[in-house]
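Right, one structure below, let's go through it.
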Amino acid sequence: MTEDLTIEALPLLPLENGVVVPTMVVNVAIDSSEAHAAVDASSETDRRVVLVPRQDGEYARIGAIAQIEQLEPLPDGRRAALIRGVERVRIGAGTAEQGGLHVHVHPVEEPSGDPERVEQLVTEFRAVASGLLERRGGRQLAAMLSEISEPGQLADLAVYAPELTFAQKIEILETLDVAERLERALGWLRDRLAEASVQADIESQVTEELEETQREQLLRRQLEAIKRELGEGDAEDPAARYRERLEELETRGDGVPTAVRDAVERELGRLERTSEQNPEHGWIRSYLDALTELPWGVRDRDTTDLDAAREVLDADHAGLEKIKDRVVEQLAVRKLRVDRGLEATGEGSARRGEGAILTLIGPPGVGKTSLGESVARALGRQFVRIALGGVRDEAEIRGHRRTYVGAQPGRIARALEEAGTMNPVVVLDEIDKVGADWRGDPSSALLEVLDPAQNHTFRDHYLELDLDLSDVIFLATGNVADTIPPALGDRMEVLRLDGYSDTDKHAIARDHLLPAQLAAHGLEPHELTVDDGALDRIISEYTREAGVRALQRGLATVARKVATRIASDTTEPPVAIGLDDVPELLGPRTFQRETAVEIDEPGVATGLAVTGAGGEILFVEAAALPDGESGLQITGQLGDVMRESAQIALAHVRSHAGGLGLGDAVTDRPYHVHVPAGATPKDGPSAGVAMTATLASLVSGRRVRGDVGMTGEITLQGKVLPVGGITAKVLAAHRAGLAEVILPGRNAPDLDEVPDEVREAVQIHLVDRIEDALAIALEAPEALAA
């Protein structure tokens with residue numbers, strides 16, 4: 001037949017979700033008015049209809065003439081037709097008749113193309129289709145493929161594939177060229193075969209893993225059964241192990257709180273109901289480990305021997321008498337409570353406020369952290385250190401909530417676990433360097449930790465239980481108190497460590513640092529000795545610090561060099577280091593002991609200051625500028641307060657020039673005040689006296705005495721006001737070799753904290769007026785003339 005030949009009109013039966021090709025036999029449900037009309041009209045066309053796919057309301061261009069082989073009623077009242085496809089036809093014009101649609105159909109030709117190419121496509125199509133059918137379990141259908149010899153009919157089999165979409169099946173129907181039809185069908189089936197292969201591999205892997213898991217579970221159950229038969233089953237029972245931990249805590253301490261027992265039992269119930277393969281099983285185990293490893297109810301007994309405690313503190317640290325007295329006072333209070341039957345044994349308010357929060361503020365190297373260990377030894381308690389420098393996450397203190405991956409208790413709870421008791425000595429190191437960011441402010445969490453009225457119910461977010469911290473002695477350390485938030489500082493008892501005197505350093509070096517360095521460098525005590533003169537020379541000429549770290553490094557250098565000589569057989573032990581041996585081992589001296597040489601002309605004075613590294617001396621210089629507008633230039637990277645001190649000093653000198661014997665020239669010249677070490681920021685009111693002495697010296701031409709240091713705030717009326725850091729400043733003056741120090745009269749009570757040997761070595765002048773300070777600081781006119 002040709003496409004120009006038109007046959008009669010046939011009833012159209014639309015297909016909404018399937019495609020029928022020639023030779024295909026299918027059952028079609030007659031459930032629409034159009035289908036009913038087509039079937040009824042087929043009685044006039046020798047039971048023939050034309051089947052046309054309809055997608056989104058549009059009919060395909062190609063359909064198939066089909067023969068209704070059988071028509072059967074269904075139980076629900078509908079009818080089902082058994083239909084066999086006969087041939088492809090092109091759909092022509094249609095007319096509506098008897099409630100349905102009749103269309104004219106045109107026969108179509110199906111060109112076969114190149115025979116060799118078609119044969120190659122047929123072979124590949126059979127292979128791919130067979131593979132796909134075998135994966136679906138259709139081995140018999142795969143075998144039937146070899147019985148189909150006609151290429152077009154073979155390609156039409158693709159419409160049977162459930163993996164193809166409705167649109168793809170319509171393309172198979174509408175593709176008349178056999179080779180092109182085979183190629184399209186082959187490409188789609190090849191994609192489906194690849195997907196099926198990947199899916200099969202995944203299913204195989206999952207099956208193997210499930211089988212391995214089931215095998216492991218079976219073996220574990222067999223192992224548990226064997227251990228039960230041998231009487232060893234309880235040792236591997238997690239619940240029994242956690243309960244044993246609680247019982248152990250009961251025997252060691254005052255009893256585990258009821259809330260803790262309830263929490264453990266609740267989590268054990270969840271653990272027993274959770275499979276080991278469930279990730280939550282591991283989370284529950286981690287929580288139970290954290291909960292049962294805390295020392296609930298376990299407390300160390302404090303020593304009540306005050307003399308023994310004092311001996312421990314004296315043996316570990318030289319000086320620091322105020323700190324030692326405070327620790328002994330804490331012991332004395334506890335001893336009285338025990339002796340008089342007032343020791344609290346219950347929980348809650350009865351135990352509140354028994355702990356102490358001491359804060360040691362001082363420069364580096366003065367022994368703040370090591371003092372915590374000594375306090376713990378003196379009290380007979382465990383010692384734990386928590387480094388807070390750079391901590392910015394509140395969860396570090398209070399713990400992470402259990403909903404987060406990797407959650408764990410906070411540092412406070414972990415410190416108690418590490419100590420093994422509920423009343424250790426905890427050092428909160430570098431508390432002045434705690435930061436804050438978007439994760440929270442750790443200092444806010446520390447407010448509850450360091451408040452004796454609240455810390456008996458400190459709640460860790462991970463544990464979700466109250467921790468009683470009232471028996472813990474917290475010892476915080478820091479270099480400066482200014483960066484500690486006021487609310488946090490209000491909860492602390494601040495004790496200041498201003499540094500060591502040379503006598504204290506000598507004792508520390510002889511009793512602690514030198515023995516430690518000998519042991520660290522493999523030397524026996526008799527192999528290396530350092531006499532007192534050598535120690536004093538190292539302290540005075542090679543170190544100038546508030547602490548002893550530089551001294552420790554110096555002694556380490558000495559021990560290292562001696563150890564090298566002994567190891568290389570160039571020196572036989574014992575080796576004695578004397579005063580003259582120090583330069584050979586440590587090189588030229590680092591610091592000049594006398595400072596008088598620093599001031600050899602008017603306009604320079606020695607001031608005293610306090611930094612994060614302890615007390616220091618600083619020089620204040622002044623110079624008169626050429627005639628011009630009277631003014632003041634200030635350099636040296638000075639802060640606002642210090643700049644104002646310079647302005648006040650110049651204003652006082654100018655307004656009291658006559659009383660100070662300076663003449664009228666001071667009022668007409670501009671001046672420049674400079675504080676050396678310009679790269680270091682400086683601020684504070686303490687330099688007022690030194691600046692006034694500098695300007696008075698410059699104008700009068702009288703040098704400031706080089707052996708005198710001074711500190712104090714100045715007012716326009718010439719009053720000298722008190723300042724802070726007196727102990728650190730006097731120690732710095734002593735280290736620098738100053739013979740005299742001028743201090744505000746109202747700072748007299750602060751001198752009680754200055755070591756006795758320093759007060760004997762340094763003459764201290766207390767003044768209330770700047771005139772008195774200048775009378776001491778400026779050289780006499782006759783001395784200048786000489």
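Cβ from N, Cα, C; glycine included.
Nobody curates TrEMBL annotations by hand; they come from automatic prediction.
Under the three-state DSSP scheme, SER686 (active site) falls in the coil class. Around SER686 (active site), the C-beta neighbours below 8 angstroms that are at least 6 residues distant in the chain are GLY607, LEU608, ALA609, VAL610, THR711, GLY712, GLU713, VAL723, GLY724, GLY725, LYS729. What TrEMBL records for SER686 (among others) is active site.
What TrEMBL records for LYS729 (among others) is active site. Around LYS729 (active site), a 10 Å sphere centred on its CB holds 29 further CB atoms from the protein chains shown.
Sequence annotations record features per position, and here TrEMBL assigns ATP binding site to GLY362, PRO363, PRO364, GLY365, VAL366, GLY367, LYS368, THR369. Its Cβ taken as reference, GLY362 (ATP binding site) is surrounded by 26 other Cβ atoms within 10 Å in the chains shown. Classification of GLY362 (ATP binding site) by DSSP places it in coil, neither helical nor stranded.
Taken from TrEMBL, the feature domain 'Lon N-terminal' covers 10-193.
TrEMBL lists 599-780 with the feature domain 'Lon proteolytic'.
Other than GLY362, PRO363, PRO364, GLY365, VAL366, GLY367, LYS368, THR369, the residues of this chain whose Cβ falls within 8 Å of the Cβ centroid of the ATP site are, in sequence order, LEU360, THR477, ASN479, LEU497, ALA546, GLY547. Under the three-state DSSP scheme, GLY367 (ATP binding site) falls in the coil class. When other Cβ atoms within 10 Å of the Cβ of PRO363 (ATP binding site) are tallied across all protein chains shown, the result is 22.
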